[in-house]
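Working notes for the structure below.
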Amino acid sequence: MIPPFSFASWVAENEDKLHPPVNNYCLYSGEDFTLMVVGGPNSRNDYHGVFIMVVNQTEEWFYQVKGDMLLRIVENNTTFRDISIKEGEMFLLPGNTPHNPVRFRDTIGLVMERKRPEDSLDRLRWYCSKGKHKKPTIIREEIFHCADLGTQLKPLIERWQIDEESRRCGACGAIADPK
């Protein structure tokens, strides 16, 4: 059992873990939940050129400790929506909601996730940002059991960046930018 501690002191002593390229530190990993401290800015350019979203079957809880963040989601598989989470606010993201956290410089947040059940599958989706689609259009989807998001995402993203044909939208033919 972890004894109570000052979160502000922890942040002051571990601030280097909350900047690119790491940005993320697992503060607690128990039987049922994982609690991560996340800093900004994001080091990838997902939000602007390529719409990449993670789909987790379980809920995620966001609490914005310092500064504001933006959570880009796909709502009901029909609409892109941006949710602003301001400093001091919290938000519970329902399971199976495609999302992309956009973190800005000098921000700190907490994210709590349930441990994934053994039969749970996460999805990494890339959406077309070039065509004039009536609803969010998936270009590519990778499905995997998430054991360690930090190590599992990198090869999937690198494959996307290298393989131009995998970035071609089946609906409009546009090729998405690699980053």
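All residue numbers here begin at 1 and follow the chain in the order shown.
For all residues, glycine too, the Cβ spot is worked out from N, Cα and C.
Taken from Swiss-Prot as is:
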BINDING   Arg44  O2 binding site
BINDING   His48, Glu60, His99  Fe cation binding site
BINDING   Glu60, Arg103, Glu113  substrate binding site
In Å, how long is the longest CA to CA span across Glu60, Arg103, Glu113, which the record gives as the substrate binders?
18
Pairwise CA distance, Glu60 (Fe cation binding site) versus Glu113 (substrate binding site), rounded so that it is a whole Å:
5
Of all the binding-site residues here, His99, Arg103, which one's CB has the most other CB atoms within 10 A?
Arg103
Cβ atoms within 10 Å, counted per site: which of Glu60, Glu113 has the most, among these binding-site residues?
Glu60
Where does Glu60 (Fe cation binding site) sit by DSSP, helix, strand or coil?
strand
DSSP-derived class (H/G/I helix, E/B strand, else coil) of Arg103 (substrate binding site):
strand
